[in-house]
Amino acid sequence: MDSASQDINLNSPNKGVLSDFMTDVPVDPGVVHRTPVVEGLTEGEEEELRAELAKVEEEIVTLRQVLAAKERHCGELKRRLGLSTLGELKQNLSRSWHDVQVSTAYVKTSEKLGEWNEKVTQSDLYKKTQETLSQAGQKTSAALSTMGSAISRKLGDMSSYSIRHSISMPVMRNSATFKSFEDRVGTIKSKVVGGRENGSDNLPPSPGSGDQTLPDHAPF
């Protein structure tokens with residue numbers, strides 16, 4: 001029996017032979033850390049792609065560093081020119097909105113919405129609904145106009161009556177007819193009052209009064 005197939009019994013005197021043999025075997029680091037070849041690619045193609053990936057990642061890092069330097073320089077220029085952050089924000093928003101408007105998705109969405117709007121406005125249901133709403137609006141406007149005219153006319157009549165009444169009272173009192181009527185009423189009143197004051201002298205004596213005098217002491 002060779003050393004590779006020895007008994008691994010812990011009580012065996014040869015228990016350390018296998019481990020010592022495995023420790024002495026050299027191991028290739030490239031074989032251990034190497035990933036399997038991607039399906040559909042040869043080993044040469046994989047190496048080429050990995051080299052290109054490393055190059056692109058290095059370029060990205062360089063571009064980020066350049067971009068950071070450019071942004072710092074841009075901020076310094078804006079600070080020296082006195083440009084505010086609010087103005088920069090407005091400019092960025094305007095630029096972003098312009099980019100959205102010229103984007104393919106926005107253009108397609110606008111065209112689609114335009115087509116839907118045209119289809120809806122040309123449909124019979126939309127036309128009937130629009131006519132119904134238009135008629136209802138006209139009737140409502142006419143009713144409000146009629147009510148407003150009636151209220152205005154009523155207020156005008158009340159105002160005219162009040163003005164005529166306030167104007168006609170002094171004129172009526174100063175008219176000759178009204179004065180003549182007042183004179184007649186005053187004459188009748190004076191006659192009635194004067195007759196009451198002189199009533200005892202003008203009244204005729206009662207029959208049987210004559211010269212008869214009442215006795216001083218009437219018998220009981």
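Just so it is clear, glycine is given a Cβ too, placed from its N, Cα and C backbone atoms.
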Worksheet entry | Candidate set S162, S180, S190, annotation phosphoserine, source Swiss-Prot, matching residue | S180
Discussion item. Among S96, S123, S152, S160, which is the one flagged in Swiss-Prot as phosphoserine?
Written reply: S96
Item to complete: Could you check Swiss-Prot and say which of S145, S168 is marked as phosphoserine?
Response: S168
Worksheet item: Of the modified residues S149, T177, S180, T187, which sits closest to S96 (phosphoserine) by Cα distance?
Response: S149
Fill in: Helix, strand or coil at S149 (phosphoserine) [DSSP, three-state]
helix
